[in-house]
Amino acid sequence: MDRAIEIDFRTISVVGLGYIGLPTATVLASRQRELIGVDINQHAVDTINQARIHIVEPDLDMLVRAAVSQGYLRATTEPEPADAFLIAVPTPFLEDKQPDLTYIEAAAKAIAPVLKRGDLVVLESTSPVGATEQLSAWLSEQRSDLSFPHQLGEESDIRVAHCPERVLPGHVLRELVENDRIIGGMTPRCSQAAQRLYELFVRGRCIVTDARTAEMCKLTENAFRDVNIAFANELSMICDEIGVNVWELISVANRHPRVNILQPGPGVGGHCIAVDPWFIVDAAPESARLIRTAREVNDAKPHYVLDRVKQAARRFKEPVIACFGLSFKANIDDLRESPAIEIVRTMVQQQLGTVLVVEPHIKVLPASLEGVELLNAEPALSRADIVVLLVDHQKFRKLDTDRLQSRVVIDTRGMWSAKRLAA
């Protein structure tokens with residue numbers, strides 16, 4: 001049998017120790033494998049080696065503490081030899097909405113010097129179709145002494161595959177283990193090797209396909225979500241125009257056995273749903289009309305929210321605006337592509353009033369929000385003329401809605417509106 005399939009993967013390297021990479025490394029370490037985490041962020045590396053975490057994810061702190069103290073997990077800024085390399089680095093898009101693969105290229109150049117015959121390289125980063133093949137090409141440029149799948153196919157020295165993460169922030173540790181995984185190797189043997197690696201910790205099914213299908217699968221999943229969210233967001237704007245409560249409307253419409261409308265919000269954020277559909281649009285701009293339109297609807301929703309805040313602010317001489325929530329979804333600290341950040345930043349730029357922020361999951365505001373105060377809920381409410389709910393954190397559900405009676409409330413998530421409807 002091929003060595004890459006027989007190999008026991010005793011030593012595994014995870015490149016990129018963020019919201020996906022660190023939990024993945026930790027789960028693998030819990031299977032008593034030696035995990036070498038690699039990140040260019042020295043603070044993250046030092047924090048992990050002190051058995052602490054630099055991100056917020058339920059229960060991750062306990063697992064990292066155990067993995068580091070037992071000697072199964074350590075972090076470094078420089079790659080070291082391993083049997084398998086999992087690349088989990090960001091894949092943003094450029095200003096023209098084209099994919100930016102510079103982080104993947106940098107990861108390839110970083111690990112190339114320590115590769116040896118029989119190693120497996122898996123790209124976990126959500127990527128445009130063809131990125132796994134490009135990764136193989138970048139690796140081969142650095143290591144002419146080794147062969148890669150795009151050169152020799154099944155006979156290559158190095159195995160390369162794509163296995164996109166498909167977890168929900170706040171539930172990452174459970175979903176890493178329980179969710180099905182899509183594994184797309186550049187060759188069948190690449191797929192077999194990657195499948196063997198993921199079966200070390202995945203209890204869900206490991207479904208094997210080719211690399212390009214695996215890449216497109218993740219993009220499709222997120223585009224599907226984006227289109228459905230766009231429907232809900234557009235519906236919320238229509239309901240505002242015609243005087244219908246969108247939260248009640250969705251609640252009763254979803255009583256139909258074949259209708260499942262999602263909940264609207266202030267936009268769409270995060271590093272997946274707000275980004276990945278553009279990879280499809282970039283690949284097939286003439287055909288991806290619905291996907292493009294959905295992105296445009298969701299990208300426009302923060303401006304719609306801002307218009308409502310502007311209208312409310314005109315009622316006050318010196319308005320104080322309290323914004324509840326900054327993260328891109330509830331109960332996490334991840335601010336990437338957050339529509340709430342865009343909304344708050346624009347409020348400040350347009351000088352709509354004094355802007356306060358309540359975000360229980362962070363201790364320091366991003367530098368882009370200069371001039372904004374970070375407060376707890378009670379002092380923010382005491383000072384506010386206008387209250388804008390941007391993220392439906394669980395902690396905000398406990399707020400006494402009677403405190404909102406004398407204030408202008410813009411509830412973009414329906415949390416307080418739905419609570420009043422149910423009362």
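The chain as shown is numbered from 1 upward.
The backbone N, Cα and C atoms fix where each Cβ goes, glycine too.
Per Swiss-Prot, these features apply:
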type     : residues : note
BINDING  : 11-28    : NAD(+) binding site
ACT_SITE : K218     : active site, proton donor/acceptor
ACT_SITE : C272     : active site, nucleophile
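Sequence features, as recorded in Swiss-Prot, placed on the structure.
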residue: T11; record: NAD(+) binding site; Cβ within 10 Å: 14
residue: V14; record: NAD(+) binding site; Cβ within 10 Å: 29
residue: L17; record: NAD(+) binding site; Cβ within 10 Å: 27
residue: I20; record: NAD(+) binding site; Cβ within 10 Å: 24
residue: P23; record: NAD(+) binding site; Cβ within 10 Å: 26
residue: T26; record: NAD(+) binding site; Cβ within 10 Å: 31
residue: K218; record: active site, proton donor/acceptor; Cβ within 10 Å: 23
residue: C272; record: active site, nucleophile; Cβ within 10 Å: 25
DSSP three-state assignment for V14 (NAD(+) binding site): strand
Distance [Cα-Cα, Å, rounded] between C272 (active site, nucleophile) and K218 (active site, proton donor/acceptor): 9
The residue listed as 'active site, proton donor/acceptor' and I20 (NAD(+) binding site), Cα-Cα, nearest whole angstrom: 15
Residue pair T11 (NAD(+) binding site), the residue listed as 'active site, proton donor/acceptor' - Cα distance, angstrom, rounded: 27
Helix, strand or coil at I20 (NAD(+) binding site) [DSSP, three-state]: coil
